[in-house]
Amino acid sequence: MFDSLFNALPVALQFGSVVSLFVGTLVGILIGALPGLNPVMAIALMLPLTYGFDPVIALGLVAGIYNGSMYGGAIPAILLKIPGTPAAIATTFDGYPMTRNGQGGLALKTACWSSAIGGIISAIALMTLAPLLAQVTLAFGPTEYFWVAVFGLVSIAVLVGSDISKGMLSALLGVIIGLVGVDTISGAERYTFDSLYLSGGFDLIIVLIGLYAIPPVLEMAEKSNATYYDAGSFKVDASGNALGLIRQHWRTWTRSSLIGVSVGILPGAGGNLAALLSYNEAKRKSTNPESFGTGNPVGVAAAESGNSADNASAMIPSLTLGIPGNLVAALVLGALMIHGLQPGPQLFTKSPDVVFGFMWQMLFTAMLLLLLGGMVATRLFAQVLRMPTALLVPTTLVLMAVGVYTVKGNMTDLYVMLAFGLLGYLLHRLAFPLAPVVLGVLLGPMAEQNLRLAMLISQDNWGSLFTRPISQGIIALLLMVLFTQAWKILRKGRQN
Amino acid sequence: MKTLQLTSLVALSAFTAMPVMADDYPNRPIEIIVPAPAGGGTDNVARMLNQYLQEELGESLAVLNVAGGGGAIGVNQIARAKPDGYTLLSTWNSPITTVPHMQRVQYSYETLTPITSTSQSAYTMCVAPDFPAETGEEFLAELQNNPGQYTYGNDGVGGTMRLAAERIFEAYDIEARPIPFGGAGETLQNFLGGHVDIYGGSITPALPYVEDGKAKCLLVTSADDNEALPQASGLAALGHPELETVLWRMMLAPEGMDEQRVNVIADAVASAVEHPEFQAFLTSQGETLNLVRGEELRERLHQETVAIGETLEKLGLKKN
Amino acid sequence: MNFRDIISGIAFLIFGCTVVWVGSGFDAGAAYVPMGVGILMCLFSLSLIVKGVVQTQQNGGLSSAAALIDHPGRFMATVACCLIYYLAMPTVGFYSTSTLFIILLALVLGERRPIVVLGITVGFIILLYGLFAMVLKRPLPVEFFLVS
C-alpha cells in the first residue's frame, strides 16, 4: 500500500501538476475570500474547465481550490466579520475582534499557519487512514447518523453564545427552515403554503449568504462614508513570527486538527462543524475562557486548523467507498468519474497514481498556503478594502447577487437571500446567535430523515435507538456536553 | 476614457451579434439545467455529453444543478424559462413521467418541447453474499416466503427504482419493506453496512462490490440480462418482460421552442454521441445509447406517464 | 435588553405555536419532528420570557439596549436599492443593472467623487465580466441590447 503512495510522488511533482497546484491555490484563496463565492461553487464552476486536462492536473486544481478557499474564507472573516465560506463562521468570533484591536495582521498570519498545519495533518491522515477506515464508516447506519446530527445540533446550540434558550431557539428556527419543502420519506409537502418555490426547500447556500453576509453589509451601509478601512492595519506585522506562533499554538493545532479529521470522516458534517467544535474545545480547555470572543488568537488558530483539517479527511469515505463526506468531496467524486475513474476499493489498485497523487496534492497545497496565503493573498485583498465603504457596500451586494444567482439561475433566490438577510440582521441585533440557525438548516433534516429511516427499519422500535454500541458512545458524549454545561451554569448561579 | 472604451466595446459586441437569425443559433453560451445534485449519475452523464456537445455546437454549455423535489424543482424552473433555446433541460425520466403523479408541478410532458432522448440503463437489486439465494428466481421465492421480513433500500418516494421494484413485487405477491434513501450512494452505504437487506439502485455504483464478492446482484429491471452482472436475471428470463422499468435520459426545452433550433440541438446530440470516448463512458456506466427525437419522444413520454399512473394507482401511491 | 427578550420570546412562542398548528395537519410519520420542534420552541421561548420578566423586575424595567437600527434612512435606502436592482436585472441584464446599482447606491451612501465612483465601478464590472463571462462562462441575465 505505501509503495504505491511513494510511487505516486513523481506524478504529483510533474510540471503540469505543480502549475495546477499554484493556480488552484491562488484561485481558491481569492474565491474563498469573496463572500458569496464558496468552495463548492468554485469547484463546480471549475470542473467543466478541467475536462480537457489530464486527471492529475484537474485534481491538482481541485485540491488547490479546496485548501485555498478554506483559508481564503478567513480573510474577510477576520477583516470584515463576513465569513467568506460557511466554515469560516467560527473564525469571525475572535478574528474580527483582533482586527478591531489592531491585530488584523497577526490574526491573518495565525489563520494562515493554522490552515496550513490543519491541512497538512489532514492530508497525512488521508494517506494513512483512507484504506483502514472504510469499515468504521460502514458501521454508521441511520441510527448513528441521527445521533451524530443531534449531537452536532445540541452542542452548537448549548456552547455558542451566552444564553442557552437563545441558542436553542436559533437552532430550532434553523431546523424548521430546513424542514420546509417536500418530505423525502413520505413525499408530502410541509410548510410550503402551496408555493412552488417553497416546495423545493431553502438552499443552504442562499440561507447562509443571507444570514451571514447581508447583516454586516447593512451595518456598514448605516455608518457614514467617512469611515474608511485603514489599510495600514492589514499589513502582516512582524510581531507574529513563525517560531512564536508554533510555540504558542501547537497544542491547539494538534487538538483542533484531530477534531477536524474526525469530523471530516463523518459524512454530512462539514468544515463549519469542525471549526465550531474545535473553537468550543479550545475555549473549554483554555485557562482564560472569557477572553474568547474578544480577540484571542487561540480562537482563530482553533477554528482555522479545525476547518482545514476537515478537508482531506472528508475525502476518506469518498475515495474508499464512493460516498462523499461533504459537498466538495461529492464534486471531487464527480471529477474522478468524469475522467473514467470509479471510486471504491478498486481505485487504489487500478489507478494508484491518480488517487495517491491526489493525496500528495492535498498535502502540497496545504503547504503552499504558507507561501501564497501570507504575502500575496492578504496584500491583494487589502487593496480591495481600500475602497470607501459607500462603494464597498454595493460591490459586495453585487458579488452576493451573482453568487446566489449562479447557484440555480433563479431570480427568486435573490429576494429570499435578502429576506434572510433582514431576518439575520434582526436576530443579530436581538443577540440571538446565527451559527445554530445555519447548522439547524443543515443538521435538522439530516436528524429527522435518519430518525425516520431508523424507525422504518426497526419497525417503530424506539429502543433500537439506544442499543447499538456506536449510538451509545455518541449519546454518552452528548450527555457529557450537557452535564458540563449545566454544571458550569449552576456554579455561576451559586457565585452570583 | 475607460467608460468610453467600454461603451465602444459593448457597442461593437452588440453590432457583431446583430444579425440574429435562426441559423445563427447558438451564438452565446447555453444553460443546461440538470434537476439532480452535482456528482450524481444524471449529472455525470449530462456533463460528459456536454463536453462533446459543446464541440458540435461551438458554444459553451453551462450546467446548473437544480436538485430537489425528486427533480420537479429543476423542471419547474425550465418550464418557466424563455423558449429561446438558451435554457435546456437534461433529465432522466422520473421527474417527467412519475413525479407529476405524486406532487403538484408546473409542467407536463404535453407542454415541454421534446428534443431527444440519449441513453438508458436498468436498475439492479443486490443482496449480501450470505443471502439464501443464488439466482433471480430463488431471490424472489425467498422474498415471497418471508413477507415483511426484508428491507430494501431505494431512491425514495416517486423514484423510478422504487416503482420498478413495486411493479415486480406486486406481480409476485411479495411484501418487502421499502426504505427510502436519498440516492444510490446512500442506499449502497447502508446496504454495505448491513442496515438494509437489499440494495436497489443503479448498476454502476454496485459493480465494484460485485467484483469484490461483497454483494451479489440477482435481478435487473430491464427485460434483457445485463452483461456487467452475469449473475442477475433480466425480467424476460423470469417470464415477465412486461414489467420492465428502466431509467432513461433525455433533453427537453420549454414550451414553444423554435423547431429549427430544436433540430440544431438534436442533430448535435446525434453526432456528439458518436464519439468513441463517450460510448466507452456509457458502457462503463452500464448504459446503452437510445436516440428518440421530437414527437416520437413525446409519444414515449405519453405512454410511460399513463402506464406509471396506472401502476401507482394500483399501489395506492398516486396523489394527483 | 431584557424587554426585547420578552418581545422576541413572545414572537418565538407565536411562531412555535403556528409550527405545531400547521404541523398537526401532516401525515403521522411526517408530523412527529415538526411538532416536536414546535413544542420545544414554545418551551424555550417561555423560558426566555420568564427570564426576561425576572430581569426586568430586578432592573426596574429599564431598557438599556442600543437602537435596533442605527441609521434607518441609510438602512431603508440600501434595502430599497437592492429590491430595484433585483427587479430590473432579468429585463435589463446583469452587467448593465449592476453598473447602475453600484453608482446609484454609492451616491446614496454619500460618495460624491465622480472619478472614484466611476473608476471603481468600471474596474469592478470588467473584473466580473472577465471572471464570469470569459473564464467561467456562466450565463447571467442577458443584457437588453443583446437579447435575441
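The backbone N, Cα and C atoms fix where each Cβ goes, glycine too.
Curation plays no part in TrEMBL annotations; they are all automatic predictions.
Pulled from TrEMBL:
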TRANSMEM  A:12-34  transmembrane segment
DOMAIN    A:20-439  domain 'DUF112'
TRANSMEM  A:40-66  transmembrane segment
TRANSMEM  A:73-93  transmembrane segment
TRANSMEM  A:113-133  transmembrane segment
TRANSMEM  A:145-162  transmembrane segment
TRANSMEM  A:168-188  transmembrane segment
TRANSMEM  A:195-214  transmembrane segment
TRANSMEM  A:319-338  transmembrane segment
TRANSMEM  A:358-377  transmembrane segment
TRANSMEM  A:389-408  transmembrane segment
TRANSMEM  A:414-444  transmembrane segment
TRANSMEM  A:465-487  transmembrane segment
Counting only residues at least 6 beyond its ends, the same-chain positions whose CB falls under 8 A of a CB in the transmembrane segment (A:465-487) are 139-141, 143-144, 146-148, 150-151, 154-155, 158-159, 164, 284, 451, 454
Among A:73-93, A:168-188, A:358-377, the stretch with the most Cβ pairs under 8 Å to the transmembrane segment (A:195-214) is A:168-188
Within the same chain, the residues 6 or more beyond the ends of the transmembrane segment (A:12-34) and with Cβ under 8 Å of it are 41-42, 46, 53-54, 56-58, 60-76, 84-85, 88, 357-358, 360-361, 364-365, 368-369, 372-373, 376-377, 380-381, 399, 403
Looking only at the domain 'DUF112' (A:20-439), mean pLDDT returns 79
